[in-house]
Amino acid sequence: MTFEHVDSTSLEIPAAPFSDPSIIPQFPKGKVPRHIGVIMDGNGRWAQQRGLVRTQGHQAAEPVVFDIIAGAIEAGVRYLSLYTFSTENWRRSPSEVRFLMGFSRDIIRRRVAQMDAWGVRVRWAGRRPKLWKSVIDELESAMERTKHNTVIDVVFCINYGGRAELADAAAAIANEVRDGKVSGDRVTEKMIADHLYNPDIPNCDLVIRTSGERRVSNFLSWEAAYAELDFVPELFPDCGRTVLWRSIDDYVHRDRRFGGVKK
Ligand code: IPE
Ligand code: IPE
Ligand code: MG
């Protein structure tokens with residue numbers, strides 16, 4: 001399947017976010033992944049290739065994020081997890097970390113009305129310690145404002161790490177064991193799933209990583225344990241909804257067996 005190119009910069013105008021219906025691919029009914037995770041990688045290389053500074057690569061990513069959200073809505077995706085800042089990204093230079101914190105806070109503030117108008121329920125997955133309070137405040141206000149929206153849940157994974165999420169779940173369960181609420185030899189997979197950051201969100205079906213890197217870098221370790229993986233060559237600022245649709249098109253042709261045998 002090939003898709004016409006959609007100019008992602010058009011998304012900077014919130015009033016006209018969606019494509020001409022004739023170019024939206026018709027995926028087989030019931031086959032579209034319910035939950036997609038995107039590892040948005042390659043901003044720094046994109047900037048470097050143009051003689052720009054890394055932060056300009058992050059700035060170039062903003063309209064792409066919203067083009068992908070629009071494309072996910074058009075395709076009928078119900079949950080979209082966006083890897084925005086990992087628990088390992090604190091290792092970057094203080095100035096890049098500072099930029100990414102301020103930029104995340106500003107994007108959420110700038111775009112919340114647009115997301116609300118699109119029917120997006122804003123969510124957050126991540127750890128509180130170390131994360132800027134202004135980022136948490138902006139996330140909490142966006143989550144409150146959009147909590148009744150049902151078109152798509154967009155999870156901003158900020159100060160997120162799969163291992164941190166599992167360690168936090170284990171600590172919460174350990175507290176319940178200490179308090180006598182559960183018995184230590186009765187810890188089940190369901191109990192762990194129930195203690196993740198957003199226990200109501202279903203497992204991730206498809207993880208897309210941009211920029212050609214083929215690793216998962218501590219993303220959705222539990223939720224994506226059985227996800228299909230797609231490593232696409234485009235640097236994130238060169239992406240848009242057509243890259244998402246191409247991955248979905250590839251996904252719908254895959255055979256997911258979950259350890260069973262094809263009937
Ligand atoms: C992804 O792009 C954005 C974040 C991790 C915040 P990078 O900044 O990792 O870009 P590259 O991988 O260095 O090109
Ligand atoms: C993964 O990208 C994290 C995010 C996209 C937020 P990185 O660029 O940080 O990952 P590595 O260093 O290539 O594993
Ligand atoms: Mg990277």
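Please read every residue number as a count from 1 along the shown chain.
The backbone N, Cα and C atoms fix where each Cβ goes, glycine too.
Just so you know, TrEMBL annotations are computer predictions that nobody has curated.
The feature active site is assigned by TrEMBL to Asp41. Classification of Asp41 (active site) by DSSP places it in coil, neither helical nor stranded.
Sequence-distant neighbours of Asn89 (active site, proton acceptor) (same chain, 6+ apart, CB under 8 A from its CB) are Val97, Leu100. Reduced to three states, the DSSP call for Asn89 (active site, proton acceptor) is helix. Per TrEMBL, active site, proton acceptor is recorded for Asn89.
Cβ environment of Asp41 (active site): Arg209, Thr210, Ser211, Glu213, Ser217, Leu235, Phe236 lie under 8 Å away, each six or more residues apart in the same chain. The annotation Mg(2+) binding site is assigned in TrEMBL to Asp41, Glu228.
In the three-state DSSP assignment, the secondary structure recorded for His58 (substrate binding site) is helix. Annotation source TrEMBL lists substrate binding site at 42-46, Arg54, His58, 86-88, Trp90, Arg92, Arg209, 215-217.
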Query: Here the binding-site residues are Gly42, Gly44; which one has the lowest number of other Cβ atoms no more than 10 Å from its Cβ?
result: Gly44
Field: CB within-chain contacts under 8 A for Val216 (substrate binding site), separation at least 6
entry: Ile39, Gly162, Val207, Arg209, Ala224, Leu229
Candidates Gly42, Trp46, His58, Thr87, Trp90 (binding-site residues) - the one closest to Glu228 (Mg(2+) binding site) by CA: Gly42
- line: Cβ-Cβ distance under 8 Å, sequence separation of 6 or more, same chain as Trp46 (substrate binding site); the residues meeting this, in order, are Gly57, Ala60, Leu235, Phe236, Pro237, Asp238
